[in-house]
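Before any comments, here is the structure.
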Ligand SMILES: [Zn+2]
Ligand SMILES: [Zn+2]
């Protein structure tokens, strides 16, 4: 688990805030060394910092959110799982030839109850990211996910999925192992499962690779997470023929939690700690746990048939057209 | 389809018979050329040939049967399927990365009724055999078989499997793709299926590679086919430490249809044409079709629960021990 | 086309000047095969379902023509023709999406990238969806998703098999996440159709890529492809850029997918109708043990 | 073993002459680790479940000891101990099978290559089968098949999870096809156990190969392996002969299988009991929708 002690890597728009916080620390230190009482000034400065923080984090542009969603210090699937579970046993393998480190899963105890948790897993540093393929799952990853979901279904365990990927892996092997088939299969089969399914976009929700573990009774999304049909970079390259137009594409594509809530795609936005989940992962984990438990509470009241129906209706109603 | 016109490759013990038949032809030809009536002599010689044939084919040793079972002109799975079906549509692929040419299958119409047929496929000549991996299926082959069987189950089509393999493919890739898992999975899942399943050993039934498509309500076996826990060659190498003891191993292992009938493993022996299936493939196909239809008739009278029970009981009772 | 006609064509095409050829092609009287470049009477090419008789190349077929090829005369009942695309995101790239839609509609005479309906194939009732590549590269937006979902639901309640002729560049980015979600919506409808014990056959034609490949194109009980069709999840160029090397020629062809186990059978277009009829007649619905799921499916479907 | 004891051991083993070492080993007081070759008190090695504290190597464990390691004291109820192997084929290779059986029984004190029974793991009831490699290489004949099948059937009727500690060279050739058919028989029993919504965990120990790998070893809801255990379908030597080249060192190890997705988790033996208890407590049986199949399973099982 990343702790708050570690300084996060700095994003451009975070700089004024971090500068101010640094100044406050410095002043406090000097005052202490010299035995000066500057309580009032510090208080003022901290209010200023809070306002600045609010100003920044409540007005993030879609591209800024994308930067936060992709922040290397943002808590990953395994970070969250370990933080919110009483017990966690990671299970491996698709039983077909591979164990994809970019999509992890296993059995956990959440507030005393067995559940299956799984999600895309990005790396923490460059080496880890290479091993995890930057969270871009291979067909075997989606098949492992399905195997674990079938396991959950067999033993009556709710399924919690965590979405955090730039997209499914695009490569020769991925094609030959059937990336399309693997995702498609999950899309269909997730509608069949009896147990409650809650999907949460914790960071970057990228296209079909995200949706491949994204069919649930409920879709939650962190405040600064994004979920998009194509990365703004790819979209800009294709539609604008100019990758530098990615920020515009990010706006046009409506990728923020707030956009998706109003499009009827999301069920719930999970508010992040004041400076984003990457600045307070433990608090973010608490918020996630609370959101999951509250939704689980509601879903376990229903019959499996009711859950399948709300799951289908949830997607059934998405789309806008004229008559 | 191999036709009776083509001369089969000669096995040692077939030689006296073929010599005699050749002489009869020669004499008949000469007599015709010279306008001599030798009807009576020919008749005598043909009776002699018939007796010789009976003598040879009713007293074949296990190793001789093994030679017949492996005969390059022995009808293969596709030969039989094409001969007995009204319609045949071969389907491909395991939907997981491969289409194994050593295990083929598809949908057929048999006597007006849709069925799924599948089986190991050996090659007809060296080149074909290399392509077909000598009928040794890879994990993908067993997974394709299972996919087709699930298809059959979904659409209420009986399943007819044809066994003809020296064994499952043993190789690095086969291990990495899970040869053990693929066979094991089929063994369990075939007990679950609702539709009638008839398995027929048409040639060589080799070990787990044969059993991987061999769990049925009925097990039929051609008169000169063999079915063995390990090839006599492998058995001799392991137990006798001497491959040349393969003929002894073939006897000791009890691999013939007659042995397996008395051990309670087989349901029915399909008698072959007088000189073996390889000398009269069309007749062999007729015999097979008749056997399949007769058994299908009985099985379709039952409920799926009854069939699952007889399937399980069939295997449940196999084994001999002391108390 | 008889052998004589063929020689005739060869002779003619040989004797035509380049300008003459171009003029004749633009007149629409003659067509040039995009694979072997031979000139043929457009009428004859049409009669052979746009399959070159010289080299077997399958030219793209548009939705109207495909319906004619597959559905018995006078049995086609189009569905949901009144659904028009809208511009829910007010999307604007180098051009407004709404303008793009209007232009494409005018140019193609289509309202969006799929036509759906009920009809018969050699007397057997089917629910058929046909995508059209002309309409923004067969991209999948809300209308495509909604029309296919309604088609599948209707098929579930009527106990009809579903056939979808696929061709698509993928998601329609101009509809953002609404487009992506259609993948799940259609797949969900297919789950209920499947639970009712019914047959679904997608037909993968050139090209079938992206979100369509990662949803209904790969969910068939039997998956049919046309010869040499490009079928893939990720774009070839995307992969080439990542790898920084050229990919083999057969990469992402129907034949490559057959080899890797994702296509059941490759059927030339001229044989398609016959084979479909055969397959449908082999798969009559059976009562399923999942009667609960089936019941739900019934309850959910629109008709 | 404390660090001081360990230094003591090192000193002692260093000072021992080779003959002295051998004598001590044959006395059974000392054991030599077959991986790092260090000498340790046999008593201490046993206390650490035959896992070398120096290098972590897992020595083979025989069935009696394994049962002691896993099952809570005084809860073990052995089943079907009265089943003895017979010689149905009158098999004779360089020696009669019946003689081989008698000799092995005398040498090992076992009747055949598996022990089965009911017991508790940290208070949780389980049906446990433990194979024993000493008995003809853990080969699977009629008795192994019958005892495991009865165990599974009993677990189905009692709603117990099944745990099978696997170690086997494969089929028992001396029982011919009767041996091969046990693969299907056991798998069938597992299908009914599964249909009843119950948990099955095979534990793959060194070595697990052949027919056992191609049946119940690979059918777990969760598949556990011991570190570095050899697990495979075909024999390594068979594959090497076919390829005419040496295989990589990790080929067919537990770690290799984990990497290729066939093992869920590798657990050191010293952690096994605790982990099993945890997994079992996470998987409580739920009512299944396949009630018909479950009913059949009940009807079929023996108790
Ligand atoms: Zn052409
Ligand atoms: Zn050691």
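Just so it is clear, glycine is given a Cβ too, placed from its N, Cα and C backbone atoms.
Unlike curated records, TrEMBL annotations are generated automatically.
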Checklist entry - Of D:33-55, D:56-78, which range does TrEMBL call zinc finger? => result D:33-55
Checklist entry - Sorted by position, what residues of the same chain at least six away from residue D:33 (Zn(2+) binding site) have a C-beta under 8 A from it? => result D:39, D:40, D:45, D:52, D:54, D:55, D:57, D:59
Checklist outcome for this item: One finds that other Cβ atoms within 10 Å of the Cβ of residue D:55 (Zn(2+) binding site) number exactly 11
Item to check | Cβ neighbour count (within 10 Å, all chains shown) around residue D:52 (Zn(2+) binding site) | outcome: 20
Checklist entry - Counting only residues 6+ apart in the same chain, whose Cβ is under 8 Å from the Cβ of residue D:36 (Zn(2+) binding site)? => result D:52, D:54, D:55, D:57
Next on the checklist: Suppose the Zn(2+) site is D:33, D:36, D:52, D:55. Which further residues of the same chain have a Cβ inside 8 angstroms of that site's Cβ centroid?
Outcome noted: D:34, D:35, D:37, D:38, D:53, D:54, D:56, D:57
Checklist entry - How many helix, strand and coil residues does the zinc finger (D:33-55) contain under DSSP? => result 6 helix, 4 strand, 13 coil
